[in-house]
C-alpha cells in the first residue's frame, strides 16, 4: 500500500502570495477512509473574499491591464508551465487527492493526467485565440466594415465541488485564464488540498500576482460573498441544484452572468439485442460505481429490456461482488470511501427509504463487513423500483443504482425522460440505428452510445433542465469567459445622407 503523503499547511493564496485568514479560523481535514484528522485548511470569510477580488481587479483593471492585454501566446506559456509542473507532481498530487477525498489512488492518478491535459488544451486554444481576433463579418452593404473582438469577461468567481477537486477546478481555471480573465477560486471545504497546491504551482512558475487567487472555506462564509460581490463579473459553479438556485438569485441582483453545472439522475437504457452481456454490464458499473458514484452525470437509473433483465442483473451482481473495496491507497482498489460522514449518512438514508418504500436491495446497502471504519458503502443495486420512489427521482451521489424494466422502445424513452434533470443519458444496443434514435430523443446535454461516462476535454459538457445551463470543456469552455464585441466603421468619404445638409453661411 502506498504511504500517505505529508500534508502541507497552506494559507489563502491571494495576490500571488500566502496569507492567513482574516479571522484566523481553520477547518480540519478528515481522511474519509480512516476518519483521522490529517491537517487543516484556512476558513476564509467575506473579508478575505474582498482581498482576493481586489487582487484580481488591478491585474485586469476592467480589461485594460497586462493579463487581459497579453497575447494568447503569452498566456499559453503560463498554462503550459502549469501543466508541466502538474505532470512532474502527478504521484504526489494523486496521493494528496486520495487521502483528502477517499477516491482510489488509480482514479486520482487518472484525474491528475486529465488536469495536465486540460491546461495543455486551453494553452493551445489561448494561442489560437490571437488569430481569431478582428474576424470580419460579411455585410450586404459596402459603406460599413465590421469585425468582432473577443475579450475577457473580467474577474470571475469559480466555485467548485469535492468529487473531482482539482480536475473540476481546472475545468474552470484553465479556460478562464486562457481567455484573459482573473479568477477567484473557491473549492469545496471537504476537499481543498490539491487546489491549494495549484496555488503553490502558480507561485513556482511565476504566474503574475493576482491572476489566480484561491480561497478555502465554508460556502456561506466564502462562497456566498463571491457570488454577490459587485466586482465579480461572472460566476461559474458546479455543485448541487439547491446551491445553484441560491447563486442565481445573488447574481440576478446585479444581472451577473452565471454558468451552472448541477445535479443529475441520468438513465442508461439497455436493450435485449446485446450479444455480449458482460460487455454491456461493465458500463452501468462504470456509470454508477466509479468514483463511488459521486459523479453528477452518474447513470444511476438502469433501464433494462424485460427479455434481458434477469441474466443481466445476475451478472451485474456478480461484477459488483468482485469489486475490490479497500483503503483507497491499496493497490487495485476500485471502490474507496465516500467523501464525508454527512454524505455517508445521507446515502444510507436513501437506501433505507428505498427499502421502506418497497424496493428490493439485490446487493449491497451497507458498510463492507471487512472495513470497521471509514465512510465506505457497498455498491448497491435496487430493483422493484417505481417512478414515485425517492430513489428514482432524487440524486443520491453514491454507489447506488436503481433498476426498472421496460417492454418497448417508446416506454424506455418515456422512463428515461421522467426526471427533472437533464445532464446525461446513455443507450446500450447492438443496433446502431436504434442508438441514434434514442440519442436524439433523450432530453440531456450529453448522450453516450454503448458506453457511460467518457469525459473528453475537446467535447462540450453540460446539461438541461435542473442540471443547469452553459457548457464547459472544448471551445465552449473558453467561450464561457469571453465577451463578444462588435466593431463597425463607416468607410465612405461622402456623407451618409440621411438628413438634409444645411446650407453654408
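Backbone N, Cα and C atoms are what each Cβ position is placed from, and that goes for glycine too.
Listed in Swiss-Prot for this protein:
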SITE      163  site 'Transition state stabilizer'
BINDING   239, 240, 241, 242, 243, 244  NAD(+) binding site
ACT_SITE  261  active site, proton acceptor
ACT_SITE  296  active site, nucleophile
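Under DSSP, residue 240 (NAD(+) binding site) is assigned to coil, being neither helix nor strand in the three-state scheme.
Within 8 A of the CB centroid of the NAD(+) site residues 239, 240, 241, 242, 243, 244, the other residues of that chain are 237, 245, 246, 247, 262, 263. When the Cα atoms are compared, residue 239 (NAD(+) binding site) and the residue listed as 'active site, nucleophile' turn out to be 8 Å apart. According to its DSSP assignment, the residue listed as 'active site, proton acceptor' is in a strand. If you compare Cα positions, residue 244 (NAD(+) binding site) sits closest to 261 out of the recorded positions 163, 261, 296. Within 10 Å of the Cα of residue 296 (active site, nucleophile), the following recorded positions from the list 163, 240, 242, 243, 261 place their own Cα: 163, 240, 261. A distance of 8 Å separates the Cα atom of residue 240 (NAD(+) binding site) from that of the residue listed as 'active site, proton acceptor'. For residue 261 (active site, proton acceptor), the binding-site residues whose C-alpha atoms fall inside a 10 Å radius of its own C-alpha are 241, out of 241, 242, 243. Under DSSP, residue 163 (site 'Transition state stabilizer') is assigned to coil, being neither helix nor strand in the three-state scheme. Put simply, residue 241 (NAD(+) binding site) is 15 Å from residue 163 (site 'Transition state stabilizer') when counted between their Cα atoms. Other C-beta atoms found within 10 angstroms of the C-beta of residue 296 (active site, nucleophile) number 26, with every protein chain shown included. The DSSP secondary structure for the residue listed as 'active site, nucleophile' is coil. A simple Cβ count within 10 Å picks out one of the recorded positions 241, 242, 261 as the most packed, and that one is 261.
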